[in-house]
Amino acid sequence: MYQPDFPPVPFRLGLYPVVDSVAWIERLLEAGVRTLQLRIKDRRDSEVEDDVIAAIALGRRYHARLFINDYWQLAIKHQAYGVHLGQEDLETTDLSAIRQAGLRLGVSTHDDMEIDVALAARPSYIALGHVFPTQTKQMPSAPQGLEQLARHIQRLADYPTVAIGGISLEKAPGVLATGVGSIAVVSAITQAADWRAATDQLLALAGAGDE
């Protein structure tokens with residue numbers, strides 16, 4: 001039963017692009033995306049704070065669900081919609097501070113054991129990956145494939161879920177057929193020959209999420 005310790009999110013978050021710049025955030029919001037994540041890696045808080053502020057302001061302007069990856073203290077300081085954390089971040093993050101600030105929490109998982117860890121934290125949503133091989137990020141685990149993804153979805157029942165990892169426009173229908181509430185994409189948009197057309201097609205498949 002879905003009883004998160006953090007503010008809830010809709011079961012269907014829809015198309016969920018993960019991007020590394022404010023420019024991409026703005027483009028995608030203008031294109032109709034309403035769930036997205038700013039993921040900037042390996043920089044100090046002071047180096048990313050201006051980007052976080054700008055991204056949060058854009059998210060508010062478009063009434064979007066903007067998650068900040070990793071920089072949870074900045075997300076709290078500037079009142080983001082939510083924070084997304086990897087498994088390795090759970091132990092070093094003050095989850096109670098995120099909860100008390102009223103931010104939503106998403107957590108990455110890669111297998112059943114990590115799903116157990118995520119469920120213990122009772123986040124707003126659980127990300128399941130990586131579904132297919134991906135070049136975007138070095139992954140220590142093997143791709144899960146659609147069969148494993150479907151099993152996780154069945155196990156999590158009414159918990160909001162996000163599939164991530166190697167999801168292309170061609171593979172998106174099969175991923176969505178598992179019943180997952182959202183698909184997170186990176187290169188399917190940012191490396192597309194025509195990013196706007198790719199975004200439109202992915203939105204047509206996955207939707208922009210429930211209100």
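Glycine is no exception: its Cβ is also placed from the backbone N, Cα and C atoms.
Values in this document were obtained by computation on a predicted structure and should not be read as measured data.
Feature list (source: Swiss-Prot):
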- Gln37, Leu38, Arg39, Ile40, Lys41, Asn69, Ser108, Lys137: 4-amino-2-methyl-5-(diphosphooxymethyl)pyrimidine binding site (BINDING)
- Asp70, Asp89: Mg(2+) binding site (BINDING)
For the binding-site residues Arg39, Lys41, the largest set of other C-beta atoms within 10 Å encircles the C-beta of Arg39
Report the same-chain neighbours of Ile40 (4-amino-2-methyl-5-(diphosphooxymethyl)pyrimidine binding site): residues 6+ apart in sequence with Cβ closer than 8 Å to its Cβ, ordered by sequence. Asp20, Ser21, Val48, Asp51, Asn69, Tyr71
Identify which of the binding-site residues Leu38, Asp70, Asp89 has its Cβ surrounded by the largest number of other Cβ atoms within 10 Å, counting every protein chain shown. Leu38
Would you mind ranking the binding-site residues Gln37, Asn69, Ser108 by how many other Cβ atoms sit within 10 Å of each Cβ and giving me the lowest? Asn69
Sequence order is fine: just name those binding-site residues in Arg39, Lys41, Ser108 with a Cα within 10 angstroms of Asp70 (Mg(2+) binding site). Arg39, Lys41
